[in-house]
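Encoded as structure tokens, the structure appears first; notes follow it.
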Amino acid sequence: MRLKEEYSHNVDDYDDEDSETMSQISVGALQQQQQQQLKNVVVVGYALTSKKIKSFLQPKLEGLARNKGILFVAIDQNRPLSDQGPFDIVLHKLTGKEWRQILEEYRRTHPEVTVLDPPDAIQHLHNRQSMLQCVADMNLSDSYGKVGVPRQLVIKRDASSIPDAVAKAGLTLPLVAKPLVADGSAKSHELSLAYDQYSLQKLEPPLVLQEFVNHGGVLFKVYIVGEAIKVVRRFSLPDVTKRELSKNAGVFRFPRVSCAAASADDADLDPSVAELPPRPLLERLAKELRRGLGLRLFNLDIIREHGTRDHFYVIDINYFPGYGKMPGYEHIFTDFLLSLVQSGYKKRSC
């Protein structure tokens with residue numbers, strides 16, 4: 001009886017231990033399976049403003065991303081970045097010196113992670129004095145057309161000195177006035193059009209003055225995502241005739257020009273105005289700017305000088321623009337993210 005009891009007891013122990021071992025194996029196998037699945041997922045950590053999250057991370061983007069094996073994970077700004085992840089890509093659009101330092105340190109200690117885009121490279125676009133310099137240095141001209149920038153003047157202080165500075169620089173009225181700092185805020189998108197010398201004193205430095213170029217009231221927004229290019233038409237400031245210039249005076253303010261609500265894609269336009277810039281010209285321009293700026297996510301505001309077919313001006317460049325307004329952006333962006341990981345691409349600032 002004792003032996004039987006001991007034997008029964010040992011059998012029970014064996015069954016319990018065996019069950020526990022099998023459970024451990026099952027859990028271990030499940031963990032390995034989950035880890036393997038995670039290895040096949042592209043993890044994109046994002047640090048964006050609430051406004052950018054709403055406009056960019058739309059359900060159609062997140063849904064398509066999941067189907068393609070891409071997972072968007074919010075970065076907690078209250079925790080050290082190095083303690084989060086692991087990430088394959090870090091996508092960001094935040095401002096501030098502290099955040100730039102955090103990202104630069106992260107890039108140094110995590111060279112395997114692609115940071116879109118390098119903070120120092122982005123800084124060039126936050127200042128309109130340096131923003132267009134890369135385009136100006138190109139002097140891009142070929143059989144498809146010529147690309148330049150409007151003549152411009154930077155005024156950092158003392159509005160009373162603007163008329164003399166404009167006369168000395170030889171700029172021609174009317175002039176477009178833009179805030180010097182382009183940080184994505186509503187104020188940075190405000191434009192003013194000054195018609196006469198006296199009204200220039202009413203402007204508020206620091207600012208950039210650009211010669212206004214008649215362009216048929218339409219501009220082209222050229223969205224660039226890696227090597228992908230998408231162009232849309234937007235209504236812009238109307239042309240100013242010599243008669244209007246002689247009869248008008250003062251400063252006219254425009255809170256925002258060329259927003260998505262001002263789409264001109266379906267408008268009945270003069271074909272000479274509506275015709276998109278030649279694709280080969282845009283591809284060459286985008287390639288040169290990707291290399292010169294050290295950026296992969298940006299857009300260009302381009303105008304065609306009215307009365308010409310092939311003379312274009314770049315008037316603005318924006319980092320990580322409103323891609324959510326771009327038709328089909330979810331396919332373009334997810335393909336771009338996958339291509340970065342598949343090619344082992346690592347971002348480098350110029």
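Cβ atoms here come from the backbone N, Cα and C positions, even for glycine.
Those TrEMBL annotations? Automatic predictions, nothing curated.
It should be emphasised that the depicted structure is a prediction, and the values quoted were computed from it without experimental measurement.
Record features (TrEMBL):
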| type | residues | note |
| --- | --- | --- |
| BINDING | Lys52, Lys93, His189, Lys221, Asn318, Gly322 | 1D-myo-inositol 1,3,4-trisphosphate binding site |
| BINDING | Arg128, Lys178, 210-221, Ser236 | ATP binding site |
| BINDING | Asp301, Asp316 | Mg(2+) 1 binding site |
| BINDING | Asp316, Asn318 | Mg(2+) 2 binding site |
| COMPBIAS | 1-12 | compositional bias 'Basic and acidic residues' |
| DOMAIN | 141-346 | domain 'ATP-grasp' |
| REGION | 1-20 | region 'Disordered' |
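Location within the structure of each feature annotated in TrEMBL.
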residue : record                                           : contacts (Cβ under 8 Å, 6+ apart)
Lys52   : 1D-myo-inositol 1,3,4-trisphosphate binding site : Lys93, Phe320
Arg128  : ATP binding site                                 : Val154, Lys178, Pro179, Leu180, Val181, Ala182, Val208, Asp316
Gln210  : ATP binding site                                 : Pro150, Arg151, Gln152, Leu175, Val176, Lys178, Ile315
Asn214  : ATP binding site                                 : Asp239, Val240, Glu305, His306, Gly307
Val218  : ATP binding site                                 : Arg233, Arg234, Phe235, Ser236, Ala264, Leu269, Val273, Ala274, Ile303
Phe220  : ATP binding site                                 : Val231, Val232, Arg233, Arg234, Leu276, Pro277, Asp301, Ile302, Ile303, Arg304
Other CB atoms, at most 10 A from the CB of Lys93 (1D-myo-inositol 1,3,4-trisphosphate binding site): 20
Site extent for 1D-myo-inositol 1,3,4-trisphosphate (largest Cα pair distance over Lys52, Lys93, His189, Lys221, Asn318, Gly322, Å): 20
Residues near Asn318 (1D-myo-inositol 1,3,4-trisphosphate binding site) in space but at least six apart in sequence (CB under 8 A): Leu125, Ala182, Gly184, Phe298, Asn299, Asp301
Sequence-distant neighbours of Phe212 (ATP binding site) in its chain (C-beta under 8 A, six or more apart): Pro150, Leu173, Pro174, Leu175, Val176, Leu193, Leu237, Val240
CB contacts for Lys221 (1D-myo-inositol 1,3,4-trisphosphate binding site) [other CB atoms within 10 A, all chains]: 22
Between Gly216 (ATP binding site) and His189 (1D-myo-inositol 1,3,4-trisphosphate binding site), the C-alpha gap once rounded to whole angstrom: 21
Asp301, Asp316 as binding-site residues, winner by CB count within 10 A: Asp316
